[in-house]
Structures are given as C-alpha cells and as structure tokens.
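Since the structure comes first, as structure tokens, the remarks are kept for the end.
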C-alpha cells in the first residue's frame, strides 16, 4: 500500500520543472510519459488509512481506549481491508441502540494538543444507506428510532450519546446522561432554530473543532437565552436527517402529525399515478414489468434497466408475490425509491415554505440567495417551473416538486460552467502577444511521432476544437508536389495542397480570430514556389501579408486580424535584393533523430546550425510572425523586433522558466514565444502547458492526438473565452511595469488571494471504467479535486471511497483552497474507481477558476478522450470568498482577528534613490487607510455572519434570511424592523427584546458603520494611491540614469529597478482592492435591502424603490482604463 502524499511522478518522458500536485491517479494513465508537472505526489498504490487522523467529511474523531477499537472490514470480494473505526461505516438511518456506551465518555480532552498534518490520508468506507430519505416522514421516523451523535462541550470534551425523538414528537432526548431523564431533554417548542455546520461559539472556540467535519456538525438553538446543543453526526446523511426533521417540527409544532399524514406529496403521487394509468389503458390495475421498467427509464434516463428490474424483483420477493405484473402501488413505491435524490430533497426543504415543493417565492429565494442570480422575479420563477416541472398540477399552480427541482438542478442552466464564458467575453483589441493561443504540434500526426500515420483529419479535428496555431512540416515530394510529414522518421506523408485546402475550409469553423500556420520549410526552391502557388490560390485574401509598421511597438490585435491567416516561417532580411537567399534551418525532426540514440540530452544550442535557401515569394508571405533564433533575454530586449517570433524546445523553455522566470515573463509581454514538445516525446505525450503559461508563453504547442491530463488542461483552459482560441493573459503579465515571478510559492503582489470552497455532495450514473478488472458492474468511486496554476496554487484533495455504488454515491465532503492568482488557476474534478490493483479512470471535468458558477451545480463528466459521458455527473456546492475583496483569508472565530496594531500592511521597498523614495513614502498613509477600510469592513461582516449562525462562506442575503425568524415574536409581530428609507438600512427595536437580539442589532449597526465608512472614504483614498502611482511612473523611463547619478552600480541598480517594479505593482494592487471592496460593499447593501423586503421585515413605507436589483455576486468588475494606471 502506498501512502497518499508519497510516491513519484507519473512516468514522464523527461524531467521537467516541478508541476502541480497531481497524482498518477490524476494523470489517469493518459498517455504514457506525460511529464512536465503531470506526475505529482500521489503514488499508484491504494491510500493508507491513517487511524490517527480525521477525514474531512468523515465524522469520526481520533479516539482512544474502547472507542478506538477497530475491526477488519471486508471488501466486495471478501478481502480483509485495513481496520477502520466502526463509526466510519454508516448504515443509515436505521441504527441499533448501543447497549454498552460508557456513561461519560470524553474522547478528547485537549484538542489543542491534537496536532495533525493538513494533508489527509484516506480510504474510508461509506456504505449506502439502508433506505433512502424521500420525505419529512422518513426523517421523523428515523429520529424516533434514534441515532448515536457526539455532543460537543465548551471544555473541549466530546461525549457519545444516543439521541432520539419522543414518540409524541414533543421532546428531544439523549442517554445515557448524568442528569435524570427528565432533564436530559429539550422541548421541541423551546427550539428557536437549527444551524448547520460549526457556527456557534462552542464550535468556534473548541480546541478540536478543526477535527470535526463541517458537513456532519449541527446545533440546536433553544430557550430564551438561545443556548446551543452542539452535535456531530457519524455522517452528513445523519446530520441532514436531524436538521430536516427538527426544522419540520419547529415549523409545524403540534400540527406535525396532521401535516405528516396529509403531506405524503400528493402532487407527486398523482403525477406518477397518471404515468401508470397512461400505460394501463385497459384499467387492469397492473402493467407488465417490461412496461414499468421502460416508463421509469423514460422518466429518469440515467437509471440502468437492470437496477430497475432488480428493485421490482426485490419488492415482489419481499411480498412472496409470484408473476411479474406491477401494480400501481408497487410502481409508485419503486419510482419513489429510485428517483428521489435525498441530497436534493434536503436542499428543497431548506427553502420550501411547504416542505414538499417550492412555490415561486421559495424558488426566487433559492435563486437569489444560493445561486447568485440577479434580476429574478416571479415571472422568471414561473418560466423555470413551466420548463422543468413534470406534473400538470405543479405547472398550473406554480409549484416545483422534487422531480421538477431535480430536473432544474441537472439541466445546463445549473451547470458549473458560467454561460457568459460560452461566448467571446474578453477584450480582443489588445496586442496579439497579450493572449494565450490554442496551439497544435505536428498537427498532421494522429499517433506517435516516429512511426505514426499522417492524416488531414488531424487538421480538421484541431481546427474544430478552436485551435489557432497549426504546424506544417513541409518536404519535397514526388511529382513536384510538396508533402507534409515528420522528417527523418517513418511517419507517413500527406500532400501539402490537400492540407491547405482543408485549412481553407475549416480555418474559421470554430473561431473568426486569426489562424497561425507554423511552416517548417525543408523544400527546394522549386517546390517552395509550388507551396506559394497553392497558398495564394486556395487561401487568397485570407493571407495576411501587410508589412509590419516599424513605428509601432506591439503586434496588431486579434480583433484587427479577424478572418486572417498568418504565416509563421523564416523570412529573408530586408537588405536581400535577390530572388532567393539563405536562412537558418530550425529542424525539429532532425533534432529528434539526432537525440534518439543519446542517453544524455544536450541543449538545443549545441545542435549545429544549418542553413538553407529560401525563395523571395515564400518570404513575402511572412509578415508579423517572422521566425528567428533566440539568443538570450538581454539581447532580445535590445534588438528583437516585435513581429519576430522565437520557438523554444520544451527543455530549454523549462530551463528559462526555472532559472529566469522574471525575464521570461517580461520577454513575453512584447514578443510571441512558441514552445514545442521535446523531440524525445516520440510517443506523442504532452508537456504540462501550465509550466509555460505561468511564464506568459503564448503558443504552447500540444499533441492534440493524445488525450489525458495535459490535454484536459488545454481544452478546459480555452473554453473560457467562447472557445475562440484566444485567452487574455492576466493583467500582471501584460502591464509594462509589474512584479511577478512565475515560480512564486506565496501570494502574488498586488493580487488578492481568494478562497475556493467546494463541497462534493454526490455522483450520478458513473459508468464502469473501460478495461477495468473483473468486478462485474461494481464501482467503488472516489473523487479528486485538483487545482492547477502557479506553484503557490497547485493542490489536490480527495474524498473517501464509496463502495459498491456507482449509480448514486453520496460523498458529502468539503474542501477549501487558497487561490493566489485566480486568473491563471484551473479546477479539475476527477472520478476514479478504487480498484484493488490499479485505480481506473471514470471521468473528469476541467474548468478555469474564472468560469466557476457559485451555488449548487452539476458537473458533467467527460471521458478520457473528451466526450460527454451520458447522464454521468457530480453534484457540488461552490462558494468563493474574498473574491475581489482583498486581504488574507480570515481564520475562524472572533479571537483571532487582527486589530490595527497587529495588522499587516502592504510594504513598499526602498530604492535608495531619494527623489523616488520620497514619492513612495507619501503612498504609505493611503495604503494604511485603504487596508483599514477594507479589513474593518470584512471583520464587521464576519462578526455579523457569526451571530447569524452562518459561516464566512455565506452572503448577507443568506444572513438576513437566517436571522429573520428570530425577529418575530410569538404572535408573528416583528420585534425588529429595518428602516430602508436611507442609503444605509438601520435596524429598529420594537419594544422590549431579548439580550440576544440586542446583540445582533448592535453588531449589525457596527457593520453598517464600517460599510458606510468604506463607501464614503474609498474614492478619496483611491485617488491618493493612484496619484502616487502616477507620480512614481514619471521616473520610470529614466530610472537607470537617475540611479546612476545617485551612485548605484550594477547589482544595486538592478535591485532598485526591481524594487520600483514591486512598488508600482503594490500600489496598483492596493488601488484595485479598494475599488473592488467598494463594489462588494454596495452589493452587500443591496442584498440587505432585498432580503428585508422578501422577509417582510422592512418598516412600512420605507422601501426604497430606486435601489437596483443586486448584481450577480461574481460579476466581473471592469479593469481600470490605462490612463488610471499611470502607464
């Protein structure tokens, strides 16, 4: 067995710079030899169970004594697995009452001493529940039977107790207890609310809170003093059952029994009955098994026929029924059992005022508070209901049943990918060098590099996928017709003319933006002229041959070059007067053949430079993509023209990326750089494109014929701008003066880190992996969440394994990632089958961070080769905090927040150039003011969220919805109202209220004051920072000469230039953060306003009709204009 976190890289073809933390499982056996960061930390063996640690998502804690006793667990083949705590294996909701629990079993006394690694080692068991939860009645029944829960106390002690609901549903009891039985209970009528997660003072201040899963924790708030009973379930399933059941009891009180009897979801039952009757046209009262199975499959296409048949047979067997006819009652029972997703039911009841369906207002609340949808109204809600609700009754009444809600959540409307990015959404008017360009290497090959066949289908496929740079390796062919193949190899040949014809047909099939033909020319003068004839005749005026403007400093934009084809190739020098001349030959194929037998790889600079004859006609087709040889960065900065392009072998590019990352980034701000795979990758494996994107390299050529992790990254990355083949690089890679190191393992100066919160809830309809072992149809899935980006962002987390359930596994595990450069980050979901011999690939989905939609989302899984897997998906929840907000992420709890004295302020560096240092010195006060405004606002908002009983992931609309029930008295008269007549909504007490509510109102007032301070002072502070930035930029052009006059030499002068760049980056970043914080604050005020109106808490007559609907919380804020940057 291999420990998670050990192990080597996936068998790469060559060593490269350390890549993201991606395991061999993450590499998914995708192309033998995938290197360049594709290896990562995970070994091929099974993960080791670490009995001392706690899995996020597993609700057991490290224990000792009798409670730590573990018994061997049998796998599906009867193989004994590593011992696991019994609390891990969940057969829910039916649990036998424990007979021998110790009376006071404190399992951990001092959590602060329980130090554990952040990297978890997991392979936990999670067996399917015995019965699906599909209604409130199921939850109540489970609670009456009882469950073992862990009771958390403020003294860092945790007690095992058996909790159950009294049969009369009036009290919540637990046993054993030191108290007598009458005191070890809470009256249901005294319960104020039920909170999910670790959102009480006891959880936040508890020393072992970090070892408790957020998904398994919940709290019962009861009594006039709002005391909390803090509990931890053995699984998120059990926690959901208790939370749902208790909330139902609170809502209906003494009427619960009546509601349960009358709320067996009559609308749903009627609809399913109607489906049955449409088949039973003769009113026989039964239908054939075949018809019953087909009907359920039509209603839920993802279900397997074998599973439906098995369920009917099990039902008949339990009734000792002969024959295969299916009655209406049996049909309804099986439909409910197979087509109810408990995780979606639990979500529905959170927002349903009826507890069995969503009306238009419930749906509006869900869309606004959870999904971040702006400008929502009842008409839009009705449209959604009419589109997705299957029952006619629901459509007529405006009700969305569990089936309609499931249909909606599984529709493309709720996919994780933001539909705004399905079209071109970026500025396409910047220089060509400011974009990443989707690029193909040896496009003509459809297999390996040495013996594989060449085919025009390679060009068709690449162009249809949005590729904007293809390669043509052209050689002399028979009958005076040039051919394309990899020279010095045994690859087959295709005629040049047929390739140009295909390019003409498909060049702009997927994108209207310019296509680059990377021409590697090895032809004689005679056949070069034939090439020119073919290109001119077939491509015509699509060819861009305009001479570059020597007065310009940057390449034209993709917008200007729409519909144009650029030739990247060698070009004769301007002083060549003849009809032909000689140029250097950059032959990738020759390099490969030279290296094939060499064990030690030399650098490309050691390969002898050859020269060949180039005809003038072909040279004249080359305009702004003239191929030149790279020498060194300082030479390029001085002599290279903006229209000249250098190509880098992967090995050489990796060397520069590791040794000269700053120079490489600066070089790519002005010039195009093409990186092609090492010639040693004869199997057509791919390098990691992120290794070179992080340095700003625009044209990273990929072997499109080889699927796997690296192509997943490439395909996923270029989806973010309408799949047009061009993606605008991060601002920090484009701005003339900016400080950025490609290999940073810390936060990026001037860029706000953001926290990505991902909860993997469930999976649906996972197919059996191709070529997997002899396990029949058994699938034991688990999920990896990977972050790809700069080294500081590369990370991965995995869920537990759910054994023998590929149809509807429940994971319920939450992960958190800090993203330091969001514009270059990608998220990859990988589903694997936990096979005993080698984990098999099931599916994956890769998405740029900037394309994530927050809220509850489905992730459509794709196969190894990129095809969508029918009906296979992950159900996840996504939240992003500190997005455009700035500052380091806050830790949990009030006690760890930093006051002004301990607050960390952005620091500026000293250049030791007096005049320049004076300017930067003047920037320190506004930087401090900006930090104080932002952090005071953030701290106040977090304090209010905590008092509302929510985590920092929640938004203020959710906070207002959560706290609104507390503001109502026993007769539903408001104890607190919001005055919305002014810009800053105020809370007003209505008579005498409990101290707990006074505390909420006081905290709310403090939050409003911090929001007000930021809004009213942000503009002035922003202008001061921008003014200092502009003043400093006046020294930029002559900084070297000024430093020399000050006596700085060589190293110190270079250090001064670096410090100047750092300071400018910090100033720009601080200005941006303040601007974003103001936008966030205005959004917060809008959310408060509309939540108050939605809950009916606004003071009559104070609603401000002029307030606009809140923008989507993730709406991209436009970048500042260049005149604000001081450039």
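Cβ coordinates come from backbone N, Cα and C, glycine included.
Per Swiss-Prot, the phosphothreonine annotation among the candidates 200, 324, 584 falls on 584. Here the candidates are 156, 524, 1113, and Swiss-Prot annotates 1113 as phosphoserine.
Checking the candidates 17, 411, 678 against Swiss-Prot, the annotation phosphoserine falls on 17. In terms of DSSP secondary structure, the domain 'PI-PLC Y-box' (618-734) contains 49 helix, 20 strand, 48 coil. Break the domain 'PH' (141-251) down by DSSP state and the numbers are 32 helix, 40 strand, 39 coil. The residues of the domain 'PI-PLC X-box' (426-570), classed with DSSP into helix (H, G, I), strand (E, B) and coil, number 43 helix, 32 strand, 70 coil.
When pLDDT is averaged over the domain 'PH' (141-251), the result is 88. The 10 Å shell around the Cβ of residue 584 (phosphothreonine) contains 13 further Cβ atoms across the protein chains shown. DSSP assigns residue 584 (phosphothreonine) to a strand segment in the three-state reduction.
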